[in-house]
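> The transmembrane segment annotation in TrEMBL covers B:25-44, B:56-76, B:82-102, B:109-130, B:136-154, B:185-209, B:238-257, B:269-285, B:292-310, B:316-337.
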Amino acid sequence: MSTDIQSSPAERATPYSKDAITHFIYRYGLLVVLALMIVVFSIAHPFFGTFANAMFILQASAIVAVVGLGCTISMTVGGFDLAVGATMSLVVMVAAGAMVIYGFSGPVAILLGLAAGLLAGLLNAMLIVYARIPDLVATLAAQFLVSGTTLLAVNGQSISEGMSLGTTSATGTFAPIFKWLGSGYVFGVHSSVIVAGLVFLAVFALLNLTKWGRIFYAIGGNPVAAAAVGIPVRRYRIIAYLLSGLLSAVAGLLLVARSNRGDVSVGDAYLLQAVSAALVGYAVLGANRANAFGTLIGAVFVATLINGLTMFNFPYYAQTFVQGLLLGVALLMSYTLGPKSKR
Amino acid sequence: MSTDIQSSPAERATPYSKDAITHFIYRYGLLVVLALMIVVFSIAHPFFGTFANAMFILQASAIVAVVGLGCTISMTVGGFDLAVGATMSLVVMVAAGAMVIYGFSGPVAILLGLAAGLLAGLLNAMLIVYARIPDLVATLAAQFLVSGTTLLAVNGQSISEGMSLGTTSATGTFAPIFKWLGSGYVFGVHSSVIVAGLVFLAVFALLNLTKWGRIFYAIGGNPVAAAAVGIPVRRYRIIAYLLSGLLSAVAGLLLVARSNRGDVSVGDAYLLQAVSAALVGYAVLGANRANAFGTLIGAVFVATLINGLTMFNFPYYAQTFVQGLLLGVALLMSYTLGPKSKR
Amino acid sequence: QEGVPATISASATDEVPAKFAEKNVRIAVVRQLNTGDVYQNWIAGIESEADRLGIKLDVYNADGENAKQALFLQQAVATKPDAIIVGWGFVDSLAPGLEAAKAANIPVITFDVGAQPSDDFVTIDQGDKPMMAGILEKLKEDLGGGDIKGDVIYVYVPGYQALDRRDTVWREFIAENPGLNLVAQIGVVNSNTAAQTADQARAAMTANPDVVAIVAPYDEFAKGASLAVGELGRQSKTKVYGMDISTADIAVMVGENSPWVVTATTDMVNVGAVILRTTAAKIAGQLEGNTLSITPAVITQAELRDAKVQNVEELRKAFSALTTPEVSRAPWMDAVE
Amino acid sequence: MTDMTAPADSLPLVRFEAITKHFGGTVALAGVTFEVRHGETLGLLGSNGAGKSTLIKILSGMQPQTGGDILIEGVPQTLDSPVDARDCGIVTVHQNIDDGVVFGMTVAENLVLDNLSVAGGNPWMPYGRVRRQAAAILEELDFDLPLDVPVEQLSASGRQEVSIARALVKKPKLLILDEPTSTLSARESERLFERVAAMQARGIAILYVSHRMSDIQRLCHRAVVLRNGQVVSNHDAPLDARAITVSILGEIALAPAFESRTGRETVLSGEGLRVSRHGPAFDVSFRRGEIVGLTGLVGAGKTELLEQFYGARPLVSGKLELLGQPFEPRDQPDALAHGIAMVPEERAAQSIFPGEQLTTHASIGRLDRFSTAGIMQRSEEVAFARKVISDFHVRCPGHEAPIEALSGGNQQKLLVGRWLADEREVMILDEPFRGIDIGARSVIAKALRAYSENTAVIVCSSDPEEVIEVADRVLVMRDGEIVCDIASSEISAEQLADIMSAAPPSQAHPTTMETNSVH
Ligand SMILES: Nc1ncnc2c1ncn2[C@@H]1O[C@H](COP(=O)(O)OP(=O)(O)OP(=O)(O)O)[C@@H](O)[C@H]1O
Ligand SMILES: Nc1ncnc2c1ncn2[C@@H]1O[C@H](COP(=O)(O)OP(=O)(O)OP(=O)(O)O)[C@@H](O)[C@H]1O
Ligand SMILES: [Mg+2]
Ligand SMILES: [Mg+2]
């Protein structure tokens, strides 16, 4: 019998082994599969390789990437945010309601949406940091509370332009900035892609280039040791969940801009997608922990696959299987063919 | 103060000493909230406190409890099974298909269903133990693969008696045993409650009274130490995921018996519910880890709440909020008022 | 703007349009909902008719997400098909794509999108209001007509277009019949709607033992309600007024002692075929008007039992009203091979 | 001293044949050959990073060797897992205590862990049965541990006792102890020694790794010294401490004797302090320009006192003054902001970030210095890490190596060294010499002397020798009270030990400390 204990973290963390190919596959497994996918699809379908389609793929991954980056931040401090989907829904309803029901302007709606996201993040943070409830359990409760608040606030109804408000109809409309977020372009690049790109750059810089990123990872690695070297652990964990809430809010704003209406549980589906992107990202470049670049690739990976499969008219019921299969292969390449932690 | 290691740690280990009330709340917070809920509902509504209604509550929690107990087992070895919902769906389709399309008998359908659940568990186990993919990531991939297999196998279609099979109709019917599982009673207790009760007793005994349970918890607590004393860690982790698959299968069989048809993603909703039950259960009796009794209480807690709120005609959109609120209160009682040394 | 009922302007002598003769037609289908029998039947109807007419389909499945559907619609426009069929969804979300389609001169046929009739696209729906009216009529009849009285439970979740349209009819109905006492409104929609509706219905019925009717205008609701009635053994007292039909629903309705007494429905396979034909006619430039409502059938439990149907195929044969092969049919469509 | 005549036997119990071990480019073992005979107690010595732990991990089946053979009673064996080793009669108590216990389980459950892994047998194990089995184990071994306490609530030494009990109950032919006394007080060490003696009497061979020469001399029949992954010398009883030390270090470069200082102005003082709510109150003060050694038995309350200075624990009672100002740290960041820092005692739990580079470990506490506007300046960070590595002779494959690639002692050198780069008001070091060899100890002691010129330094250790060696003034803590405050030049380690344990004259103290120390 040989067990995992034989892999000391040291060995795992130093993939500087002799076998260059194995090492390459380990670091680049997911990227290689992604590249192969792109090549194959491009050869097989003339439209796939076009700039327009590339934009569609990025557009399809933009929202997932933004929420996923939020999840990534909470994961770096060793947490887990189950409330991101509920937060997105809340922000969607707040922003849509602000404009449609209360007739606020676009910027105000955006600010209110971001504030709602931060509040949800704060709720998480309070439950975890001050009430000392374990992350998963706390964010689960927060998920119910945030969802519940959303549902209560609008009596479970959807918000759309001209909706009925008892005796009258709503007169507000979606502001121009939301129209732009929903369908604007800059140099042929969709606005949501630009927003997601900026968010990615910011999170990447934060996690990889700043001392705060170091601190996040340190807290995730060993909170006791982090406190012992004088890191205000609580404050940073609060910040991490606030950022997660903020990014969920950004994603919610992109979502409401694209759908031009507010449905009470529209964000829920994004929880699993965002977590998937972040988890798939673990394997990218051999990081083996939550990281910004990996999450981006995770989001793009799934979007590319679905785009390609749709183009080839794969029935929807076959897409899930292919998704699982490719994901499995990529993970096998990254984890299993990676540096042997056994003899 | 004695310098003997025997006495001093004991002093800190017993938060019971000074404040008996705090301690009581800590251990019984969730149970107290549950009991209060039952008392209030019973006083306020004559039907709530009836035996019949109690049975309905148990019936409503039976399936969640069974899957949740599966999740609990994987959590005891430090894992996490994201594939339980997909496994349930698979089992539903396998059992329904076996009877309706292939005309197999009830027992055969049950065996095939259980086998399907075990296979899904095995897939998880292989990805985690042999392919060395981290639990969350591996079960995520398994989720896609299992769901995909289900969808592919039936082309995304539902299975029901008399369904058309191209030119002919399916002639198979649901076997009597499934009718019994769906609506049979023993001494006024619904069959699904009996099954869930037996599963609970088995899992409780396994985790609390056998050496295997202690091994599971040891592996979850410190796999290195477990391996060092010669526990075959891999084997037990495989067993844990097999059991999780098996219990998902049992839940799937209860589900298909209840609905008498098979829908491709009918189990998906149970992932979150089961995980919720298991996580809420952390707080029960101050366990602060996954445990069978806690999971059962977690499942019953939510079912009781929804039953009561529905009886009082709470609009559905208010129920989520109340659910979050009560959950929050229970968690605050358990974690925040609990012994301070936890974190 | 008033809708103009859609009609076919082709005559019996018209040739098969060149594009169709060359089998050079491509249609994109962008649907919001894809998982479940209803949606499976709908696409099957479209596919089989497309097959027959030699049309190539690109199907985009949005998994119930509006934003995804909106994006898919734009993506479909970018691939320049001959026409686009939009299944379910909201005009709010789809507007940019619809505009892009208009700009690109691609005809759009929408199904159940709840759009106001307009010149920009053809709207088709399955007659939700007549369906609701149909089952409520049966309810009134069962309660003896006239000033009906009794406790009722209503199952509804807002935010789903078809349900919302059915709800407007319900609200009028309950206002017109003050003797009806709405004791509980329940509802949940997720991937296990039936079982969870059953749990709720049971709680509501336990609290209100005199319920005579559960109005459940969606088959998953109706199944859940029937399950709950059965589990409480209230079949003799409480009836379920449901909607939609599938093979599984048939089994429930004709089952022994079933409380589900009536349903109103269209046949989704037929609906799909009608949509495809309408689209083909539009491509051929032979469609006048811009709106089409597919007439539903109201089917009672007794009728089902008499006809001894077991599944949707047999139902289709037994209830010819469900199949409307002449709707939107141009004569040349039979000549394509 | 124990009887020094080892039972002779024809075939050695264990024979290492040219064992090598490579970690990537690092050669941890470069052909080690020696043997352990039946029933003997063999000391294994060597400086930090010499390869002791590595050799032990190989012998206990935790890691495979790169080359060479292990012969057990003459038969080459492949030890693929701890179970294989156990089947050959070899059990180990590892240096990293927390690797041997399962947190979240009670002491009783931890004690019976091995029974669980035995195939077959009665699977029925309700807690009552666990408790009975555990009680029987303690009874048999004459150990005294609370059964129902979660093991993480024991002190480090309590957890180690659990591991030792588990090892002994397996009736091994060879027991490996990797630095067992580094967390034990004199009295507890004494208890361990008694157990070792009992095992020796039963003919169990022991491989004993330690940096404490006194332990080795007292217990071992023979000693083997490793240097740079090779055996450099073999010693037979009577063991010559000086010869062994020379062999370990290559040459002797010990800290020169120093002048005892009295320090300058008071930096930190406390009045009416307590370590537990109902304990006795006492006053303390610490001055700039002196090193205060705080000693006392394990569990005397040293850590609990120091953590109050550092904000890691709320002030129990009384008041603190820092530079004449009232001071009560809210938490560690607050204490640091006021110029108080502390190196915690439990390395693995309190200082290690798993998998992170040495550079990260070096810089993590002072990231402000390596960043402008929050952006990390990698080159400065690396330069700092390199400086700590070279100043404190940290043996490592490079500054980018993960911390786990370092031997225990070298980890400790890095983790202590990184704190001495900044001047502070008060620097607290809790058990800084844990697992550090004599050479490194003198390097750190020298650094501390220089550092203390402008800082009040508090060094806490349950080993009176260490305290005497480094401190200007010594405080002794007993049962939560400061019972002695004296210049280190005026007291010896033996006297300190007596004060620590305060053996009442009637109940004669079992030990006279062995003081064959090197200096
Ligand atoms: N986290 C903890 N949980 C329970 N008991 C603890 C904990 N930490 C310390 N103790 C106990 O509190 C008492 C005082 O501990 P403290 O660590 O202050 O003593 P010490 O003199 O520093 O001894 P040591 O050398 O073990 O650090 C000891 O008996 C110890 O076992
Ligand atoms: N996982 C690893 N990866 C790389 N190098 C390692 C690893 N483990 C140990 N080493 C190296 O092997 C050498 C021997 O380490 P070992 O832990 O055996 O020393 P030791 O004699 O036990 O020292 P100490 O007295 O400090 O505990 C050291 O140079 C160390 O850096
Ligand atoms: Mg060592
Ligand atoms: Mg201490």
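From the backbone N, Cα and C atoms, a Cβ is placed for every residue, glycine too.
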> For the transmembrane segment (B:25-44), could you work out the same-chain residues 6 or more beyond its ends whose Cβ comes under 8 Å from its Cβ atoms?
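Residues 15, 280, 283-286, 294, 297-298, 300-301, 304-305, 308, 311-312, 326, 329-334, 337-339 contact the transmembrane segment (B:25-44) from elsewhere in the chain.
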> Would you kindly check B:56-76, B:82-102, B:136-154, B:185-209, B:269-285 and say which stretch has the most C-beta pairs under 8 angstroms to the transmembrane segment (B:109-130)?
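The listed stretch sharing the most Cβ pairs with the transmembrane segment (B:109-130) is B:82-102.
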> Between the stretches B:136-154, B:269-285, B:316-337, which one has more Cβ pairs under 8 Å with the transmembrane segment (B:82-102) than any other?
B:136-154
> With pairs restricted to those 6 or more apart in sequence, evaluate whether the transmembrane segment (B:316-337) and the transmembrane segment (B:269-285) have 3+ C-beta pairs under 8 Å.
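Between the transmembrane segment (B:269-285) and the transmembrane segment (B:316-337), which are separate recorded stretches, there is contact, as judged by 3 or more close Cβ pairs.
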> Does the chain bring the transmembrane segment (B:292-310) near the transmembrane segment (B:238-257), so that three or more CB pairs sit under 8 Å (pairs 6 or more apart in sequence)?
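Result for the transmembrane segment (B:292-310) with the transmembrane segment (B:238-257) is no.
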